[in-house]
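The following features are taken from TrEMBL:
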REGION    B:1-38  region 'Disordered'
COMPBIAS  B:21-34  compositional bias 'Polar residues'
TRANSMEM  B:51-71  transmembrane segment
DOMAIN    B:127-329  domain 'ABC transmembrane type-1'
TRANSMEM  B:131-157  transmembrane segment
TRANSMEM  B:169-191  transmembrane segment
TRANSMEM  B:203-222  transmembrane segment
TRANSMEM  B:267-288  transmembrane segment
TRANSMEM  B:308-329  transmembrane segment
Amino acid sequence: MSTTTPLLDVSGLTKHFPIKGGFPIRRTVGAVQAVDGLDFQVGEGESLGLVGESGCGKSTTGRLVTRLLEPTAGRISYRGQDITHASRTQLAPVRSEIQMIFQDPYASLNPRQTVGKIISGPMEINGINPTGGREARVRELLEIVGLNPEHYNRFPHEFSGGQRQRIGVARALALEPKLIVADEPVSALDVSIQAQVVNLLQKVQRELGIAFLFIAHDLAIVRHFSQRVAVMYLGKIVEIADRDELYGNPRHPYTRALLSAVPEATVDDVPRERIRLVGDVPSPINPPTGCRFRTRCWKATEKCATEAPPLVQAEGNKPGHLTACHYPETHEATVPAGRLAKDPGAAA
Amino acid sequence: MTPPTPSAAAPLELTDESVEKSTTSPSPKGSESRSPGRLAWNRFKRDRTGVISACIVIFFFAIALAAPLIAKVYGKDPYTTYASQRPELLNAFAYPAGPNGGMSSEFWFGIEPQLGRDVFTFLLYGIRTSLGIALAATLLTTLLGVVVGVTAGYLGGKTDYLVGRFIDILLSFPSTLFFIAFMPVIYGLFVAPDDNIPTWLRAAALIIVLSAFGWASIARLLRGQVLGLREREFVEAAKVTGASPQRIVFKELLPNLWTPIIIQSTLMLPAFVTAEAGLAFLGVGIIDPTPDWGVMIQRGAQFYTEDFTFMLFPGLAMVIFVLAFNLLGDSVRDALDPKSKR
């Protein structure tokens, strides 16, 4: 994976949203530092999961990669080609290779277009004429995503949420992309439907060899779907590792706290202790100095306030497991008793 | 023992059918689609007020269109002063000699006091003029409003800010006063002070002035709609596939804007009919020998104490038309936008 050029290479990616204010002349009075210096790669056919709580910049990252937003700084390159500030016409050849699946299946389909038009739209825009015609291709795509090809002339309002999300997947597949950015593709769906859509995406990933940037806040789904996982906190990646490594051996305190919060289905297990994070996520308008997690971290010291920890391979990590912490966690490390809470499920 | 057998079989069949239905498709008919427009049309057809109003409105437009034809069959025209050829039609005070404003089998709606023109054809042609002007003004207003509103909403930023302030100024303007004060100025631009102002110029000036003040409200409404729509994910999805701004505006945004556009214009047209009549009444719009709704009401207002019939027909016709059109506008809104039901 790392020997050849990765499919997508992101370095130092930053997005600050200016805050306008003042009267009568509006000027920039501050900035929401939604994404601040991200580095990650996505290899060919690989799935990178991006997790973090709401407001940490996951979706912004997805929109930066698909160039729906203009990055403030940093570099995005696709197959070695710099697309950071490419204009719409310059992007045209790359467009068809990077597609997106959206979070809300009720907002992502134009209510005034038939399913056929929605799915053939991307082909029309990019002037693609598949053999057998666009309509045949749309029917084929509908079949791939598990919908009835006869629903070609239906309108989105005639479908359920899960079916709509399948239409969204079919639209993303229409251009035969190499990379799909999936922005919380299942979080708006019922749990029973989530599994179906995730399995569909997995099938697509395996059979068509499409790389995924899978954005989610559900750790269990990311674990199921992604080979590599990056954990974000307040606009920064705090830890990135292979799936098993990250879930089995979390080195960043935040990752550990997140994993401890995942509910477990086993009943007769020893009651697990959950790490309780104190306080709220600080405002991205004015993030803490040094390490951004220090305000809620039980290990924070003087050093954390002055020095931002770099994202490096911590001592004892496997290659590819990067952690941004001055004091990486170990298996034996204990958490102060005041920060622990009994699993509410186990108590009941 | 025979009766229970069919009753046991019947529910079995029913369940089979329902299971089959739910697995194959959400609607019973195979690949037939129910487009949003089709659904709205079905809703509209069920609305009795709307259907009746639509019939009345269509009737008005039909008679306006067919006015020359009807006049020909009827055998009169709105310009001839019948009383000058047949003085017996008017009495000594120049009011219609017959009862009810001179209504007879010859002059269906009676004759006009003083000049003795035929009221029926005058009204027909008046409706024709008024509806023509109002329709043209509505089309122009809608076009202007859509272009400005969608542009401002889609571009946002400075353009939006400037357009927004301009709309604020325009909406705070006392438009009726402006019409009265500036219509003579506009005529003066084209015609020498002593010349007669041609009717086409009066009509064109009315259309332009009405549109110039009318577009602001529809532009503001659409700007807001576009601001909401352009953040929707389907617009982002189009952008991700590389759609051009033109395509996004025409293929993604506009189809979603037809609802407010249609609702606004159906409510705007009757407002323009009354505004145009009001201006004619005040003497700054269409003026006398040209048949017009407002002109008729103005003439009628001079005689209504003596000859109420002359005022009655144009007045009643206008009330019916405006009421029907407004009810139609409401029904159209209910059909297109069922969530906004009162």
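Using N, Cα and C of the backbone, Cβ positions are placed for all residues, glycine too.
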Winner by Cβ pairs under 8 Å against the transmembrane segment (B:203-222), considering only B:51-71, B:131-157, B:267-288, B:308-329: B:131-157
Top Cβ-contact partner of the transmembrane segment (B:51-71) among B:131-157, B:169-191, B:267-288, B:308-329 (pairs under 8 Å): B:308-329
Beyond the flanks of the transmembrane segment (B:308-329) by 6 or more, those residues with Cβ under 8 Å of it: 49-50, 52-54, 56-57, 60, 96, 100-103, 109-110, 112-113, 119, 123, 126-127, 263, 266-267, 269-270, 273-274, 277, 293, 296-297, 299-301
Chain residues in Cβ proximity to the transmembrane segment (B:169-191) (below 8 Å; excluding those fewer than six residues from its ends, i.e. six or more beyond): 197-198, 201-202, 205-206, 209, 213, 216-217, 220, 278-279, 282, 284-285
